[in-house]
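Enquirer: This is the structure I want to talk about, given as structure tokens.
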Amino acid sequence: MAQISNNSEFKQCSSSHPEPIRTKDVNKAEALQMEAEALAKLQKDRQMTDSPRGFELSSSTRQRTQGFNKQDYDLMVFPELDSQKRAVDIDVEKLTQAELEKILLDDNFETRKPPALPVTPVLSPSFSTQLYLRPSGQRGQWPPGLCGPSTYTLPSTYPSAYSKQATFQNGFSPRMPTFPSTESVYLRLPGQSPYFSYPLTPATPFHPQGSLPVYRPLVSPDMAKLFEKIASTSEFLKNGKARTDLEIANSKASVCNLQISPKSEDINKFDWLDLDPLSKPKVDYVEVLEHEEEKKDPVLLAEDPWDAVLLEERSPSCHLERKVNGKSLSGATVTRSQSLIIRTAQFTKAQGQVSQKDPNGTSSLPTGSSLLQEFEVQNDEVAAFCQSIMKLKTKFPYTDHCTNPGYLLSPVTVQRNMCGENASVKVSIEIEGLQLPVTFTCDVSSTVEIIIMQALCWVHDDLNQVDVGSYILKVCGQEEVLQNNHCLGSHEHIQNCRKWDTEIKLQLLTLSAMCQNLARTAEDDEAPVDLNKYLYQIEKPYKEVMTRHPVEELLDSYHYQVELALQTENQHRAVDQVIKAVRKICSALDGVETPSVTEAVKKLKRAVNLPRNKSADVTSLSGSDTRKNSTKGSLNPENPVQVSMDHLTTAIYDLLRLHANSSRCSTACPRGSRNIKEAWTATEQLQFTVYAAHGISSNWVSNYEKYYLICSLSHNGKDLFKPIQSKKVGTYKNFFYLIKWDELIIFPIQISQLPLESVLHLTLFGVLNQSSGSSPDSNKQRKGPEALGKVSLTLFDFKRFLTCGTKLLYLWTSSHTNSIPGAIPKKSYVMERIVLQVDFPSPAFDIIYTSPQIDRNIIQQDKLETLESDIKGKLLDIIHRDSSFGLSKEDKVFLWENRYYCLKHPNCLPKILASAPNWKWANLAKTYSLLHQWPPLCPLAALELLDAKFADQEVRSLAVSWMEAISDDELADLLPQFVQALKYEIYLNSSLVRFLLSRALGNIQIAHSLYWLLKDALHDTHFGSRYEHVLGALLSVGGKGLREELSKQMKLVQLLGGVAEKVRQASGSTRQVVLQKSMERVQSFFLRNKCRLPLKPSLVAKELNIKSCSFFSSNAMPLKVTMVNADPLGEEINVMFKVGEDLRQDMLALQMIKIMDKIWLKEGLDLRMVIFRCLSTGRDRGMVELVPASDTLRKIQVEYGVTGSFKDKPLAEWLRKYNPSEEEYEKASENFIYSCAGCCVATYVLGICDRHNDNIMLRSTGHMFHIDFGKFLGHAQMFGSFKRDRAPFVLTSDMAYVINGGEKPTIRFQLFVDLCCQAYNLIRKQTNLFLNLLSLMIPSGLPELTSIQDLKYVRDALQPQTTDAEATIFFTRLIESSLGSIATKFNFFIHNLAQLRFSGLPSNDEPILSFSPKTYSFRQDGRIKEVSVFTYHKKYNPDKHYIYVVRILREGHLEPSFVFRTFDEFQELHNKLSIIFPLWKLPGFPNRMVLGRTHIKDVAAKRKIELNSYLQSLMNASTDVAECDLVCTFFHPLLRDEKAEGIARSAGAVPFSPTLGQIGGAVKLSVSYRNGTLFIMVMHIKDLVTEDGADPNPYVKTYLLPDTHKTSKRKTKISRKTRNPTFNEMLVYSGYSKETLRQRELQLSVLSAESLRENFFLGGITLPLKDFNLSKETVKWYQLTAATYL
């Protein structure tokens, strides 16, 4: 016996006899009487038609029919009927109507037992087709569609491949086997069924002995006659029945509205009198229509003869009963078995929107126009955002010149000690009307307005008649204006001019004469905010595929195929085309295929295999009469294919609506007049159902065996509790592969405890297929599960409603799993993402999050002085820590408990908020109260509150309000971090977005930088949509002028990118030709436009200088692009354009270095850093500023051979070549010392690695700088298993040679050490700033910065917990370690070898000889008649070496000239001649190895003879060699030759040699006292003197006198062979009180350590400690004396 279980599934009872149930049945007599009356009426109508055409059913036909495999079995039999008849004796022509109906009701007519039984039995044709639900896994001939129209949502169905225990599945469990039992089977209902509204008696048993036969597509003529005979009843009724008011008004659509009386007591019954089963498909859904919103009378349908009789015989006053697809659900309880109770899914109103009906009442396919409009409906959140931006826009009217100047303002940086040395500068100002510029000297502290007044004095006699405010100073060569209210020296342009020692050129203009084409206009102010209007030119890496136009095309194609399928004779082929159209729609929707779509497609395939009904054109002599006299109330029998098509269309439109809502992030729950419940009162647990992942690639199917999800809930970047793992499942295949879980996930947290910013994370993992051999990774056998992708979803929407309904979440592959809370996932190309279907509960009310009420009148502030001393000390220690990183749990608890004691220390607020125990609603009132009484933070301190650790909207809004105090120029420096901080905003319309857009409205430089940063961020997988919206808002409010300029820049970047790609792909020999041809296209762009440089918008280019364009010989083959400045007063513009490398990391490193430089400048330390610009213009491409007059260290060193990196002089000699005078060289050396110190500190703090001589550059002015920051934060480049960067930073001996001015240490090296330590300590004070800046960049996707762990290097490098003195000692040791590292030189050497393939002669614009800046020819200088090495001289520079005097006599000259060359310069000449003339026989060069010292007189004398012989042989060689430009350049006189410097040095110039017993020099000490300890730091000693003039090995020894036992002896390490040692060592004396120390003296002695004799005294000093103020540090130089020492 079959019955309905409590979970609405059928169960087979063990007993064959059911227990009696107290229900009431219509007895047999009543039922037969009703049937007889109906048949009598039909017989009467039949007499009006022609006599039936008879035919015989042959035995062969019967056998063929019996031969079919029948997969369906009847569940119901009627024992009161006669026994089954054999078809062999039937004469169809003689059959009466009643006999035909009997055949129809005979379950065993012309059937026989099939060879194989189906998985699940199905109902017989006589069973009610209206209330029959097929199991999801069953196959049969009846179509899976509803008979007749309906207006409800289809219940949840599941693909047959993934059987699911649904609410009701045809009365049987899917796991129930088939049973060909002859015993009676009963259908019964549980007694406690809540939906059963009438009693039933025990049901009449059914005998499942037969089933409806499966029909072939083609039937024999004999069978066709029988079918025609049986169907004639329905045909007559169908074609002859007059239309009545009982017919529904809309019969054309696939789904129509049916009104069901809510008062009906009988909900679900099976009607057994289905008299025309062949004209209707069997229904696979049992659904109840419930429309509470519509109150009008229901419409009843009659779809078979028995229904027509029942409807016609009813009294007009009879109560209209509930109908399901035209079947009565109440009235007389006519039963053959107990009816089934079935509840359907909830209905959606949208079904009616896709139904239409023409005036004739015929059926038509839905157009879906109302649904398509949903794709154009703007997201509610986006609409609210547009309104907010429009309101913001009104605050910046175009008439306000302060916020809308139309030109760029020169950025300013405040410098300390600006009025020191060289405070006056020379200014040259171009004035209209004057032929020559006005030149005068002014103070750098003077305001720009004063400079303007000085310039106006040259053209106006009376300034009282002049409006000084209408004049501006424009930078020559740039569209950039100085700010009148700032001092001249604070502008970055002026600072760069002073740095490069170039002339300051300005132009005096009136405001009206200044180009203001970037200003907004009245039309711009009136234009509405449209986020998509100006994005059409933006290259979107992830294309939108769900727009109305493509969806409309797909739907049109689908409906066209449906119409063809319904009209064509060959429906099999047409249905295949329909299914293909459905597949295309699902493919366009990212491969999402809902269960209803899957089931509808299967039912359509089954329906097309059914025999088609007799068409309407059946010939009949009295057909028209028949139609006129048809019985009222009867309807067309439904076409099975039509019904299946209707349900398929419904499923497709449901899918489209779901996808549209998900794409627009719309809620699935209608708001309307629903009740609202506050979240803090909701005690329900958070739960949802993970249904499936759609669009799985075939690679995953072959590589992974199982899949599972990790579900986590986070807030403030941390999990609220342990993540939950789903079950492990495999993949399935319908249209596409999918992973199906259908699993309920319940989090152990109540909704009331959820913070507003709670984020759900779903991470997909794959378990590798151990048997898969197709994977290229052989190690997969040993690997664990792999993370395949991640997606995040905020639980409360922007209106603060809890999410509900079905969501499609876009999950990205493992290379993009850096998901951040609050992301609106960005859609990609079809099948490039995985779509995760998640179903949230849809309660009857909305849950909304409301903020707690804050009592602002309560002010609590505890005084820190009232705390106990130990608690106070601990609290101050935590407060004064530089960062909240590394706070322990105990520290956080302690800090939170004492938070009100910290109000006088505002900058500790981030630490306190990070220590909050939780952010539950119940605790927010206290937290917000603390926030609102907290003193304002400075902008840089408030920046930390924008990190992921602080997701609370109140906190972030307050932080942004404090940010308002930051200047535009400071904001421009931090803009990349602000752009990344947008990812931590939960909603689009945030205070941070409005803040950035407001600053962009008031400053063109910020708008320009923000544009390129947002454009580059469009490539972000998770946040591309958000950045697209912000970028659209920026372009919408920025004005037409700015948009047109940005469009031109983007076009220029695209053109240069194409050129760079072509050059990279070209072969080496054709690259230059390809470059020149490709640049012609770029040149054509400039013929139509002038264009601002994306790198620096103040630079405007008007054309290319194609002849100067080239490419660099490196892996990426970057372009050197030379452009002509549009300003005739400006210089050429040179930039590098690179394709194939990610420049975002370079941008970050350069930004950090620039911020460091500004910190140093504000503190008065100018390290003369070279800050060049870098901009990423797209994925793996960008533009870099070229620093003029600079070369790499490799180029400089290889001029001295491949081993040049092991030599000490190349850098010094290269600088001397470009700075020939002593004054110039001294200035260049000073620039080198300062810039080298800054580079050492910056590269160490940032952990910049992969440092070799090809990414360190030197300018001719002496400024050193680094390029190429592909490795940083300590991620070193590996050489095998060894780190290539073994030293803390690059400081080589050739650098030290320039710093010292020679081989021996001097006081200049002490200056270098002091500069390094001072710069290091200044950066250490800003540890929190740099950690915050880097932390905000974690979600940017940089390969070297992926997690908070990467910041550990920076924190350790900055040593935040040490004192300045300890940090000074620490960094001094780093300098010593770097200087003594042979690994750096070896790394340089290896790189020289690797770059040999790029070696050769320099290009025309490079010097041919290292010591000569230009190339000369004999045409200019005249031919040489005689040349010889005249003599040699000893020279000090500062080391001793010999220089050779070459005597030259030229044609046409009577007097010889002399040039001075070193032996190394002769050798360079020979080496380069060998390169130029590899096939010529050159004279041999005297380069034999010299043992011992080389710079001695004997060696010089021998070399003089050898070099003279070499020159004679060279001049007697071929004229091609002897008269080449290289030889001419070698003999061309230099500035040093003309001044005859360095030939002989006077005796007084010889290094000082002290007389016996002479003492000299000074020592620099730092003396401080704290915590009962005296600290003596020995820093430097300078100008030591020895008896014999040899370099000593100094060290320092100290005592605290009196000390008879010498227990206070302390000493430093020994510094070898130097008169100017640097120690920076701390000598500590512990356990001394201040009173005791005032009675002591510090005795310091400097001695030289000797190995073969006794150490000798170099000087000393005795310092009474009572003269020191021990409460502060004292740093001072002390002169050494000849005092006695212990």
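Just so you know, glycine gets a Cβ as well, placed from its N, Cα and C.
What you are looking at is a predicted structure, and each value in this text was computed from that prediction instead of being measured.
Pulled these from Swiss-Prot:
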REGION    1-26  region 'Disordered'
COMPBIAS  1-17  compositional bias 'Polar residues'
REGION    2-142  region 'Interaction with clathrin'
MOD_RES   ALA2  N-acetylalanine
REGION    41-68  region 'Disordered'
COMPBIAS  57-68  compositional bias 'Polar residues'
DOMAIN    422-510  domain 'PI3K-RBD'
REGION    615-640  region 'Disordered'
COMPBIAS  631-640  compositional bias 'Polar residues'
DOMAIN    682-841  domain 'C2 PI3K-type'
DOMAIN    1105-1383  domain 'PI3K/PI4K catalytic'
REGION    1111-1117  region 'G-loop'
REGION    1247-1255  region 'Catalytic loop'
REGION    1266-1292  region 'Activation loop'
DOMAIN    1420-1536  domain 'PX'
REGION    1488-1493  region 'Interaction with PtdIns(4,5)P2-containing membranes'
DOMAIN    1559-1678  domain 'C2'
MOTIF     1606-1617  motif 'Nuclear localization signal'
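What does the local environment look like for each feature on the list?
Expert: Long-range Cβ contacts of the region 'G-loop' (1111-1117) within its own chain (Cβ-Cβ under 8 Å, at least 6 residues beyond either end) map to 1060, 1063-1064, 1071-1072, 1075, 1136, 1138-1141, 1398.
Residue counts for the region 'Catalytic loop' (1247-1255) under DSSP (helix as H, G, I; strand as E, B; rest coil) come to 0 helix, 0 strand, 9 coil.
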Enquirer: Residue list, the motif 'Nuclear localization signal' (1606-1617) vs rest of chain: Cβ under 8 Å, 6 or more residues beyond ends.
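Expert: For the motif 'Nuclear localization signal' (1606-1617), the sequence-distant neighbours (Cβ-Cβ under 8 Å, at least 6 residues beyond its ends) are 1304, 1576, 1578, 1591-1600, 1623, 1625, 1627-1629, 1649, 1686.
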Enquirer: Please spell out the DSSP helix, strand and coil residue counts for the region 'G-loop' (1111-1117).
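Expert: Counting residues per DSSP class in the region 'G-loop' (1111-1117), I get 0 helix, 1 strand, 6 coil.
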Enquirer: Helix, strand, coil: count each for the residues of the domain 'PI3K-RBD' (422-510), based on DSSP.
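Expert: So the counts come to 27 helix, 31 strand, 31 coil.
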Enquirer: Using DSSP, break the domain 'C2' (1559-1678) down into helix, strand and coil residues and give each count.
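Expert: For that range the per-state counts are 7 helix, 60 strand, 53 coil.
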